[in-house]
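To start, the structure under review is shown below, and the notes come after it.
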Amino acid sequence: MQIYNSLSRRKELFTPAVPGKVNMYVCGITAYDLCHIGHARSAVVFDVLVRYLRHTGLDVTFARNFTDVDDKIIKRANEEGLTSQQVAEKYIDTFYEDMDRLNVLRADIEPKATGHILEMIALCEKLIAKGKAYATPSGDVYFRVRSFPEYGKLSGRDIDDMRSGARVAPGEEKEDPLDFALWKAAKPGEPSWTSPWGEGRPGWHIECSAMSEKHMPLPLDIHGGGQDLIFPHHENEIAQTEAALDKPFVRYWMHNGFVQVDAEKMSKSLGNFKTIRDILEGYLPEVLRFFLLTKHYRSPIDFTFDSMDEAEKSLKRIYEALSLARTERSRSKWSATPLPADVTAEFDTLDRAFDEALEDDLNTAAALGHVFGTIRLVNRLLEDKNLRKSAETLALLERLDGLVAKWMKVLGVFGREPEAFLSDLKECRIRRKGIDTTKVDALLEERKSVRAAKDFARADAIRDELAALGIEVRDTPSGAVWDVL
């Protein structure tokens, strides 16, 4: 598999340090608020990576942490009249609920920062002993950035350029404006722990270094997160870990792109902040997961409700094809009509292309393109009145079951019973569009009556009236059926 390594800025062949085993760490949430769709993207991207690596036979140990002590958590605790621990527990619970709905697998190891205070203190002590960090009279501990010559190697930033714009805030006791906090002296009303420098709490960056070192052998095979974490968080992780341990921290760095809303970066200040729960009020969870896979993970993805509608339509087409394929397979008699020679070859090619897309830096967008290619091929067979009855078509439909199982295993979508998904989707669209089903049923009943009376002008007028309500009517041998446009 080729992976784009943010450290080398190029694609590299992925080879685990220990053949057959992968140690992977992804930065998790700071538990102070509901998860937004940026969190959803990171979670889904690395969930697919874990799924795919396991699909290829690798033994993956996956860790994702929780930051449960932080300035934002303390601020939220004061706002809500809760303790920091209560706030963190509340939003860790909502994180799990959201991830379960998005079919994101639980990590094997889910460490919390507050459970690793001793490890963080020990790492600080090691850095101080090496002259890479220093304690201030007030009890803060800072990392000496200039003591690590390779600082900036991940983000590509020049240390002198950073220095020119850096300032020491009033009250700080930094030796250099670039230095960052490893340990923060306690403030009144904040959670704190006893340390060699007095009461205090860890800085954000030291947390992931201490937790990953405790739970996994270093260097990690893969460390992931959003592109916003490259600097300063991941840059600082590298500096403090490698300075303390004198060995590489991570072999492959992977970063997913931003989620934009209407072509602007999502932020609370712009008023375009979308939580997962906001979106799932109007769309099925599988639609959101599918949408997040429609772009390459390193590219930005633009969230709009139009793009969600398009993702919903695409997913609906796939499930409709799977439903039709299942219906056709129930046929009792099959003909000996041969399929064109290239059909089976095309089926095989699309299957291989799906895997090749994921081998190429986890290109889920291309992989989904090959899923659609497979569905188009199946639809082409089922639309041909002769080929749909062929025993060779039956053999391909039976193989389709295996492909769908693989798609589900790797991408985490297409795994529901088609009829159940389509029924839930219809109900979801009815709610989202505020459709009055009582009125729809009454119009359909009237249309049935006027058609029986051969008043086709009125029947067509009712069809148009239903279309204006967002309803599509199809006449079948067993009667009219309707769906939401």
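Glycine too: its Cβ is placed from the backbone N, Cα and C atoms.
Cβ neighbour count for C208 (Zn(2+) binding site): 29 (other Cβ atoms within 10 Å of its Cβ, all protein chains included). Sequence annotations record features per position, and here Swiss-Prot assigns Zn(2+) binding site to C27, C208, H233, E237.
The motif ''HIGH' region' annotation in Swiss-Prot covers 29-39. Long-range neighbours of the motif ''HIGH' region' (29-39) within the same chain, counting only residues 6 or more positions beyond its ends whose Cβ lies under 8 Å from a Cβ of the stretch, are 66-68, 70, 72-73, 75-76, 87-92, 94-95, 98, 204, 226, 258-259, 266, 273-277, 279, 288, 292, 303.
According to Swiss-Prot, the feature motif ''KMSKS' region' maps to 265-269.
Residues annotated as ATP binding site in Swiss-Prot, with sequence analysis given as evidence: K268.
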Average pLDDT across the motif ''KMSKS' region' (265-269), rounded to a whole number: 72
Cβ-centroid neighbourhood (8 Å) of the Zn(2+) site, C27, C208, H233, E237 excluded: W204, H205, E207, S209, H223, G225, L229, H234, N236
Fewest other C-beta atoms within 10 angstroms, as judged across C27, H233, E237, which are the binding-site residues: H233
Counts of helix, strand and coil residues, the motif ''HIGH' region' (29-39), according to DSSP: 3 helix, 2 strand, 6 coil
